[in-house]
Structure formats: C-alpha cells, structure tokens
Amino acid sequence: MADPSNPGRNEVTARRRNAARLPLDGWERSLLVLLVLLVAGLCLSVDGFYPGFAGFLALTENFLPFGLVALGLTTVILTGGIDLSVGATAGLSAIVMAELWSGLHVSIWLAAVVGLLAGGVLGAVNGLIITRLRTEPLIATLATSFIYASIATALAGPSPPAGFPDAFNLIGTGTLIGPIPLQLVLFSVLALLFTLLLQYSTFGRRIVMVGYSSEAARYSGLRIDRIVLSAYVISGVMSAFAGIVLAAYYSAVRPDMGDVLLLSTITIVVLGGVSIFGGEGTIAGVVIAVLLLGFLRQGMLIAGYSDMVTTMLTGAILLGAIAIKNILSGRGTGLAALLTRIRGRRPATTGSAAE
C-alpha cells in the first residue's frame, strides 16, 4: 500500500515494480542493439576478430575481470557513492594471496579465500571512513587507493610471486562446458546473483532508496551507515575477486595489476545506465555495457590500435554517456531543459529527487 506521508519511498517502489515488469528499459535496449551492430561490424571489418566460435568466446577472458569489478562498483554507485580504490584493492588482495602461497606455503585455494577476505576488509575500511568520519567518498577512496597501492608495492618486493598451480590458473584460462570460458560462467552466475540481490531483495530496495533519497531513507528508519558500509564491502570483495582472476589469467601478480580497472569499470557502470547520482540502474545494463566496451576494446587492439588510443576512447565514452544520461534525465541545461519540457515533467536536481 502506498504511504502518502512518504512520496520518496512510494516512487522508489513504483520504479522497482516497473523494472520488474520490463526486462530491459529503453536505454538498455538501445545498448543491446548497439552491441549487436558493433559485434557484427567488427566481425566483418577486422581480420581475426572472429577466429571461430571458441576463439570468439575466448576474447571475453581479456575483459571479464572489468565486469566483476563493475558488479561491485554498481552497488556503491547506486547508493550515491564512488569507489576509486577498486584497482588498488584488486592489486593488494592478489598480492596478499600470492605472498601467502609463496612465502608461507599456504594452499593456493586457502590463500585465495584470504585474498577475498582482505578485499572485504579494505572495502570495510573505505565504508567506515565515509560513514564514521563523514568523509566524501571521492576523497576517502582516492586516499585509500594510494595507501593500498603502497602497501601492495611493499609486500610484493622486487620480485612478486609467479607460476601458480595449473589447477588455479584454470580460473583465468580454463573452460567449463565445451568452449565456454570458466570466467564467462562465473561472471554470468554472479551477474544473476547481483540482479536478484539489487532488484528483487530488501537489501536492494534499501540500496536504491539510499541513493535515490537519503532523506526518504532516513525518514523510513533505514540504517543508512550500515547499508553504505555493506555496499563498500561488496565492492571490495568483487575487486579482490577480479584481482585473483587476473592473477590466474597471467599466472603472476604485480602490485599495479589493478590500475587498468578503474577508468573502464566506471565507464561500464555509467554506460550501463546507472546514475552517477545514485538510486537508478540495473545489472542488465551493466552486463551489456561490459560486453559492449569489452568487444570494442578487443576489436581495436586486434585492428592494431594502441592501448593509449583505446584508453582515450574509453574516457570519451564515459563523458558521452554521462552527458547523454544527464540530457535524458533533465539534469543538464539548455537542450536538456527543452527536452524535459517537451516530455512534460520537472527537471530533477543534482541532489535527491525526493527532497
């Protein structure tokens, strides 16, 4: 039943019901069409992009770790926060795992579990700094990214561990069903779990409400600090998992191995339709964006473009996605205001929409 005294909560509930009825919204359907056109175009125009079905699926091993980080980062951004330490968390967690295995001769599987726990602890540190010290997420996670990266460098030393057991390396390079990479199976299962968690659970409802309107969430009696802390722990664990997958893929670790993750994962989340202001977005859009940006990057590399060019393009896509989303949501000015008037609704502010 609707609560007339709490319009913010009512609107969040209505939006979640609409999302449950429609598998994909207009933005996500547009991304899906663009993905199909992109893959078809690359298959026709870039030699080696489609070396058979098995080879095509193997391309995903090069970018699915970005998707793992993006799933966790989506949880944080839905609360209205940001986590700039995802790359450093991935690197430090992988180093912790590798040093336990190499230096203390711990089983690689137990070391991997400890690496995941380390990621959760690092995420909790971020969350506690933000909620207890009332520090802006941007500043807090920027600071911790430097701290985590420095610790990783100190732990790794001049010769980081390498040459992990073959059974462990299968996480990054193995297949599970025919030519289907194990990475793809793991990512698909986790994407489904995150969909259920964020869109069809009480926790997901609370995450959305905190991001959509912290005032409405507080009025509803939600423990905002605990919800935000949980989001950062999830982000830390998923970043650690990505670092472990990268370690298995390369059978080696480096303290800076997660540096490439940050820009691409933020781009993926925003391109996938998650509002940088919080309270809006779905995992389906993020999954499509992972494939879209991943195949685009792989196509450009196969075509002979350098990493510098692909990084520049990633930054341009991030700016473009933010601009387009702001225009469509009425957060911008000029053309955005005109479009908002044509669509016949009030423009939202950059704060909470329910305030």
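Our numbering is plain: 1 for the first residue shown, then up by one each step along the chain.
Here the Cβ of each residue, glycine as well, is placed from N, Cα and C on the backbone.
What TrEMBL records for 31-50, 62-86, 106-130, 137-156, 176-198, 227-251, 263-296, 308-328 is transmembrane segment.
Between the transmembrane segment (137-156) and the transmembrane segment (31-50), the number of CB pairs under 8 angstroms, six or more residues apart, is fewer than three, so the stretches are not in contact. Between the transmembrane segment (31-50) and the transmembrane segment (263-296) there are at least 3 Cβ pairs closer than 8 Å, counting only pairs 6 or more residues apart in sequence, which means the two stretches are in contact. The stretch from 62-86, 176-198, 227-251, 263-296 with the most CB pairs below 8 A to the transmembrane segment (106-130) is 227-251.
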